[in-house]
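These features come from TrEMBL:
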- 1-23: signal peptide (SIGNAL)
- 218-240: transmembrane segment (TRANSMEM)
- 284-309: transmembrane segment (TRANSMEM)
- 321-343: transmembrane segment (TRANSMEM)
- 355-379: transmembrane segment (TRANSMEM)
- 385-407: transmembrane segment (TRANSMEM)
- 442-464: transmembrane segment (TRANSMEM)
- 476-502: transmembrane segment (TRANSMEM)
- 514-534: transmembrane segment (TRANSMEM)
- 546-568: transmembrane segment (TRANSMEM)
Amino acid sequence: MGSQWRALLLVLCALEVILPSRADEHDHTYIEKEEVVLWMNTVGPYHNRQETYKYFSLPFCVGSKKTISHYHETLGEALQGVELEFSGLDIKFKEEVMQATYCEIDLDKAKREAFVYAIRNHYWYQMYIDDLPIWGIVGEADENGEDYYLWTYKKLEIGFNGNRIVDVNLTSEGKVKLVPNTRIAMSYSVKWKKSDVKFEDRFDKYLDPSFFQHRIHWFSIFNSFMMVIFLVGLVSMILMRTLRKDYARYSKEEEMDDMDRDLGDEYGWKQVHGDVFRPSSHPLIFSSLIGSGCQIFSVSLIVIIVAMIEDLYTERGSMLSTAIFVYAATSPVNGYFGGSLYARQGGRRWIKQMFIGAFLIPAMVCGTAFFINFIAIYYHASRAIPFGTMVAVCCICFFVILPLNLVGTILGRNLSGQPNFPCRVNAVPRPIPEKKWFMEPAVIVCLGGILPFGSIFIEMYFIFTSFWAYKIYYVYGFMMLVLVILCIVTVCVTIVCTYFLLNAEDYRWQWTSFLSAASTAVYVYMYSFYYYFFKTKMYGLFQTSFYFGYMAVFSTALGIMCGAVGYMGTSAFVRKIYTNVKID
């Protein structure tokens, strides 16, 4: 059997040596007069970036060239609605083409109405040459809005450096009035020019440094950083001084006899030492949320680092594909933290907890996508996810995420699943005394997200603009700084909230710390409403449902991540203060 495999390997190596290797758009190198493919992607209204349709859903005609190699799309491209179709134009590397007609449109009444609707709604289309995007507008109307004109001449200017394409420009000319029952000739030309642009820098022209590296962006980062320093200093000073007084008071109480201690004024967080490590209510859901939040944090950190090292924006769908791969690979993180927390809280249905933790985020994302998919299918939009892609995502969930989550859960239960609390838990819960209204957990939860949101809302504007408008986000160093600032501010705020809660002798700190940090998501979602109505010109059922559906997913994921970060920091703080105080 081994000899057969060696023989097959030798044959494959021999074929690789014998057969001539082709240069193409996959390795981005070309030889003289080699075919260069012009892909037609999508067409759609300018103000609705996600509402896209196949290019040939409009009655454009196709070029005469038919033979072309098959195109394989990635998972990220399929989910993002990339619909590459061959234009039929005959373009060869370094071979110029004078203006030539490649097809004609028989413009009947139905085709004219389709073009008029597209022009009235400011439709424009996207094309690709060697993975470089090109945009063009379908047509334009006159000032009175009575006559409509179609751009019929695609004037392509392609820059090359050696054997690589480094620049593409499109000029739309040949304005022709749309008159029913006429023939419209579609033409193109190709001009090649030598360019000094390096291949590695060919996407720089699509970036917008004046927008992303504006002084406001720098100022917002500096402002958030100063807020972190101030907040950390304030929290440290208040807690250290207050805790020192608490420790001094408690040590003084230890020296009293029992009679004096009974007559003394006992209050503060020490009084709930027998209940502070009591399992949270609904521990199964709580531990699943914490595990999912830790996984989202891991995914965010790794994807940002990868994006800082590699220019992911140069490949279609690469950011989404990377995020899906990293999410699947970090499933053990979810199982470890969720499973170990559930075990420490005395949970017995660990298999159910593992399933909920594994499918919590995928079910939320897929459920939203499934709902929006119905609308996309109704609109015949390119964003409609194909059935094969759905099956692929389900296979990833069941055959990658679930087994890895199981591994993490088993490791978490065995390595850190034992309840090693510094204080014993009383058999009977202590009654929670009445307190002022602003110390109630509901009020703390509502106010807890204000400062974390304040540290990130400027960055939210840049992220929203890059996703919902036509900007390419590339300043991932800023995003990393904002993520670090968000985590520090969240931990500081939840520690202060938890200290005040425990000082009021309320030991329900687990859910309070999680929800007070997670309430950041509510403010982000509220900000998305402001962004939609005042910063965009989106319209229509499809774009509106797409926007608010996926903004709800984004906000919820951000809230779960912030909640997990806040809980983990608060848990370390609570464990620390109760370890350092002497308990009878």
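For all residues, glycine too, the Cβ spot is worked out from N, Cα and C.
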For the transmembrane segment (218-240): best-contacting stretch of 321-343, 355-379, 385-407, 442-464, 476-502, by Cβ pairs under 8 Å: 476-502
CB contact flag for the transmembrane segment (355-379) and the transmembrane segment (442-464), at least three pairs under 8 A: no
Cβ pairs under 8 Å between the transmembrane segment (442-464) and the transmembrane segment (476-502), at least three: yes
Annotated stretches the transmembrane segment (476-502) and the transmembrane segment (284-309) touching (3 or more Cβ pairs under 8 Å): yes
Selection from 321-343, 385-407, 546-568, the stretch that has most Cβ pairs under 8 A to the transmembrane segment (284-309): 321-343
Cβ contacts under 8 Å made by the transmembrane segment (546-568) with residues that lie 6+ beyond its boundaries: 50-51, 289-294, 296-297, 300, 337, 361, 364-365, 368, 371-372, 375, 383, 448-449, 452, 468, 486-487, 490-491, 493-494, 510, 513-522, 524-525, 528, 532, 538
